[in-house]
Amino acid sequence: TLASANLLPNQSPQSHLPRLRVALSLLVFAAAIFRSEVALLLATTGLHLLLTRQLTIPQLVRPFLIAFAVALAVSVPLDSYFWQKPLWPELWGFYYNAVLGSSSNWGVSPWHYYFSSALPRLLVNPLTFALLIPLALAQPATSRSAAGLVVPPLLFVAIYSLQPHKEARFIFYAVPPLTAAAAQGAHFIFARRAKSALYALASLLLAASVLAALAASTGMLLLSSLNYPGGDALRQLHALVAASPAASSVTTVHTDVLSCMTGVTLFTQNRVGLPKNPHSRALETSLQQQDSSSSSSPSGTTDPILAFDKTEDKSILSDPGFWSRFDYVLAEDPASVKGGQWETAGVVQGYAGIEVLKPGSATMSVAGDEETGESNILGRGLVVKRVRDFVRGMTGGWWVGPRMEPRIRIMKRAKDVGGAGARIVSS
């Protein structure tokens, strides 16, 4: 966003070149330190600046080299320290995903996905591409600046579409400049609203489209929140352990791939700042302090600690003995848990599309089997169920809303474990 702002024309010609240098430097920092795909946007932006003669090659290369050297000086030593080996993470990520093509393991999309699905959903307002950007490009007063905002990001998206694995988050960087170009078209219409009835009507249409886009974005945000059953399951696990009778100071948990992909992160695991390694000296000190404080407390109870395992190796997961160390398991498929006796303490559902229900029709959302514990819905799935039942009761059976289906099972060892007031660490 800041880089795009510095690419806009300025009233002072003397500041134009310094602003371009700042924009390029920001893009270099973003690409070298945070996201390697920004390098492609940097390339398309630099190419556009050269072709439009806003910069010469020496004027382009100098800020690039300086910013690149500083970015490497920041990223490589710091990340090498944390990874305990020489590493430039963004170069390794680019090699792994783009050169080796490993990103395709996470799914592929058609070449047109970004233009036909991702960008329309990110920009939301249909007038952006249908009216506002073409208008900004067509007007002599804004055509040059609009082209600078539109051409580089669209070229970036077009080239990035060659990558088989596609996600909307990979092209977030195209949204600010495209929105700025659309704003130029909107300003052209709104500034002339008093000149004719047509411009006045178009201004009202613009205002209505903004409100409609806000409503649509809010609805999409609510639906998107249903796409993270792993985080929802972790929150429910916190509550389950806190409500269980104390049996151990450390409760061990295994989380599968889907759980980790959809919200089980270090930010949600380590709720009170304990070390990630449950065997560390700091954690032992913490446990000793708990023991000493609990011995002097009337209840004599301590807060349990949750230690997480995220093993993915199938040969290890197929060993029944592997599962004997865990008290809880977050699993997409209960059959993947090979050893011991387990019960389903709860089921966390995830978004599975939109359903339209008429009076008398049964919901397509999977209810589950009571005997296996599948009917014990927890978290956001339970909230959706209650809202759906309430709305159908008020509308005589009608419902248009999210359809939910089981995603993560919270499996609990048949032996009761846990304790109150869970504190979280990760192994």
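Placement of Cβ uses the backbone N, Cα and C atoms for every residue, glycine included.
Residues or ranges marked as compositional bias 'Low complexity' in TrEMBL: 286-299.
Feature annotation from TrEMBL assigns region 'Disordered' to 278-305.
Positions annotated as transmembrane segment by TrEMBL: 20-43 (among others).
Under the heading transmembrane segment, TrEMBL lists 64-83 (among others).
Remote same-chain residues near the transmembrane segment (118-138) are listed as 146-147, 150, 157, 166-168, 171-172, 174-175, 178-179, 181-186, 188-189, 205-206, 209-210, 212-213, 216-217, 220 (criterion: CB distance under 8 Å, separation of at least six residues from the stretch ends). Residues or ranges marked as transmembrane segment by TrEMBL: 118-138 (among others).
Marked as transmembrane segment by TrEMBL: 145-164 (among others). Panel annotation: around the transmembrane segment (145-164), residues 4, 7-9, 37, 40-41, 44-45, 47-48, 52, 97-98, 101, 103-104, 108-109, 111-115, 119, 133, 136-137, 139, 170-171, 173-174, 177-178, 180-181, 184-185 of the same chain, lying at least six beyond its termini, place a Cβ under 8 Å from a Cβ of the stretch.
Feature annotation from TrEMBL assigns transmembrane segment to 170-190 (among others). A Cβ distance under 8 Å defines the sequence-distant neighbours of the transmembrane segment (170-190), meaning residues of its chain 6+ beyond its ends; these are 1, 4-5, 7-8, 30, 37-38, 41, 114, 118-119, 122-123, 125, 127-128, 131-137, 139, 141-142, 145-146, 149-150, 152-154, 156-157, 160, 163, 199, 202-203, 206.
Among the features that TrEMBL reports, transmembrane segment is placed at 197-223 (among others).
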Residues of the parent chain within Cβ reach of the transmembrane segment (20-43), under 8 Å, 6 or more residues beyond its termini: 2-4, 6-7, 49, 54-55, 59-60, 63-64, 66-68, 70-72, 74-75, 90-91, 93-94, 152-153, 156, 159-160, 170, 173-174
Sequence-remote partners of the transmembrane segment (197-223) [C-beta within less than 8 Å, at least six residues beyond its ends]: 121, 124-127, 186, 189-190, 351, 402
